[in-house]
Amino acid sequence: MNTLPTASLSADNVAPIMSVRGVNKTYAGGFQALKNINLDIRRGEIFALLGPNGAGKTTLISIICGIVNASSGAIIADGHDIVRDYRKARATIGLVPQELHTDAFESVWATVTFSRGLFGKPPNPAYLEKVLRDLSLWDKRKQKIMALSGGMKRRVLIAKALAHEPAILFLDEPSAGVDVELRRDMWRMVRELRAQGTTIILTTHYIEEAEEMADRIGVISKGELILVEGKQALMRKLGKKQLTLTLRQPMTGIPANLNAWSLELADNGQALVYSFDTQKEETGIAELMRALAEQDIEFKDLRSRESSLEDIFVSLVHRPKETAA
Amino acid sequence: MNFYGIRAIYRFEMARTFRTLLESVAAPVLTTSLYFIVFGKAIGSRMGDIDSIGYGAFIIPGLVMLSLLNESISNASFGIYMPKWAGTIYELLSAPVSWIEVLIGYVGAAATKSVLLGLLILATARFFVPYQIAHPLWMMGFLLLTAITFSLFGFIIGLWADSFQKLQVIPMLIVTPLTFLGGAFYSINMLPPVWQKISLFNPVVYLISAFRWSFYGVADVDVVMSIGMTCGFLIVCLTFVWWVFKSGYKIRR
């Protein structure tokens with residue numbers, strides 16, 4: 001019988017395509033960029049590494065890709081140790097760097113051909129043509145890279161990273177300096193790649209991007225991986241809902257007999273905001289409504305909003321450490 | 001061995017030459033022609049023969065070596081410095097290529113360019129002075145060995161340099177004086193005995209001497225000694241590059 005396993009089962013049973021074990025990085029100046037990072041990436045997923053600037057996202061990617069040496073720890077990519085078996089490991093990885101580093105004087109076609117060769121793959125013009133067409137670069141293949149716009153250069157970098165048909169694709173801040181249209185295009189392309197079986201790891205500090213695309217999210221802050229969760233689970237677990245009531249009469253303070261609810265005043269007393277946990281059986285909304293009616297507090301509008309990943313992220317990064325240092 | 005990788009680097013570097021054909025080829029040919037006009041024709045016509053070779057013909061091997069050294073160093077140092085400067089080195093570092101493959105690609109391309117240039121200068125010289133090549137195979141051998149050794153040296157400079165100034169400083173302050181004092185325009189036997197001894201510490205003396213021997217069968221220093229010195233320098237450079245890649249010095253943080 002050939003039944004499809006459920007999502008959670010398959011995720012747990014399949015061997016990870018990449019595992020990071022106990023990776024530390026201290027730069028020559030003494031700055032500790034990464035602290036004991038342990039992370040498994042599942043085959044075929046889109047994993048978003050989320051964190052503020054300077055959190056260590058790029059350092060982690062750079063270590064996996066071979067650009068920076070780890071101080072300690074081990075990384076296995078598609079079954080190959082990235083140091084001992086670097087040829088096989090690196091051949092499975094494609095990297096789109098954050099900065100627009102390009103060979104200005106090269107043509108688009110020359111640069112993707114170069115990338116494919118550099119990664120040890122025999123020429124395959126038909127494949128490269130497909131990559132360029134998918135990225136809307138085919139018409140520009142003869143142009144010098146320096147003549148392209150920033151967004152187009154970003155596409156060229158993606159094409160270079162895909163030139164050797166990697167199983168794992170790293171996108172380091174893919175949306176940095178990219179307009180809305182290109183961002184949408186890129187998201188679409190990333191989903192297509194995933195559909196073809198490519199595992200995608202992206203770093204971002206745009207929550208919108210992670211929320212839009214990721215299957216799982218890792219949050220990194222000050223060199224530590226503070227959380228790894230499925231996006232849905234994360235939003236469920238930490239998700240809060242807010243109910244905002246627009247009042248008929250502005251209030252100066254919250255009446256004492258409403259203290260049972262966590263209420264806040266907003267808009268100079270024009271609105272009353274109630275935050276509640278979506279996971280709880282009792283949200284307390286019905287009781288609040290009754291209490292408001294008893295107090296003769298009238299409202300003309302009400303709306304409720306789920307907290308976004310951004311709210312969750314901010315609360316995580318700024319949360320005081322639970323374990324004593 | 002990642003042959004596709006080597007080929008990609010080699011082609012990339014050769015494409016860079018052809019893109020900048022004017023500065024890569026035309027400029028050194030023009031400079032050398034000027035040397036021939038000034039030293040070969042104008043001044044040379046008033047000079048006596050050296051080792052019974054006419055002065056114009058005498059300076060040909062030295063001039064070829066002069067360009068070969070400069071071009072090997074600048075081609076190779078530029079080749080590896082540019083990706084560092086432009087940031088595109090990330091791709092090289094993340095690629096499944098070993099240091100030896102990177103080296104074959106970059107140094108191979110730089111040496112190819114400078115050998116082609118050396119031959120072009122020889123052809124240019126034909127227009128100014130008649131000369132013969134007594135040992136053509138040895139001549140090609142010396143040309144190749146020197147081009148490879150000094151491309152390797154240039155590669156090291158390119159790895160070490162972290163600014164365009166540093167890229168220029170060693171060729172300008174060390175290599176150019178050494179080549180001028182290396183007997184390109186004179187035989188070191190013409191120097192006072194003390195300076196002859198000092199000259200023996202200049203590696204370029206051995207290169208030019210051996211190269212001139214392949215043309216006219218006369219040399220300032222023993223040919224075997226010259227080959228030994230060049231190979232020794234080649235090994236020093238190789239060892240250094242090996243260490244650089246192993247330790248990640250200036251490349252991998």
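Any Cβ shown, glycine's included, is placed from N, Cα and C.
The shown structure was predicted, so the numbers you read here are calculated from the model rather than taken from an experiment.
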Range among B:79-100, B:167-188 that TrEMBL annotates as transmembrane segment: B:167-188
Recorded stretch that, among B:21-40, B:52-69, B:141-161, B:225-245, has the most CB pairs under 8 Å to the transmembrane segment (B:167-188): B:52-69
Among the ranges B:21-40, B:52-69, B:141-161, B:200-219, the one whose Cβ pairs under 8 Å to the transmembrane segment (B:225-245) are most numerous: B:141-161
Outside the transmembrane segment (B:21-40), six or more residues from its ends: residues with CB under 8 Å to it: 55-56, 59, 63, 67, 70-71, 75, 113, 117, 120-121, 124-125, 128-129, 185
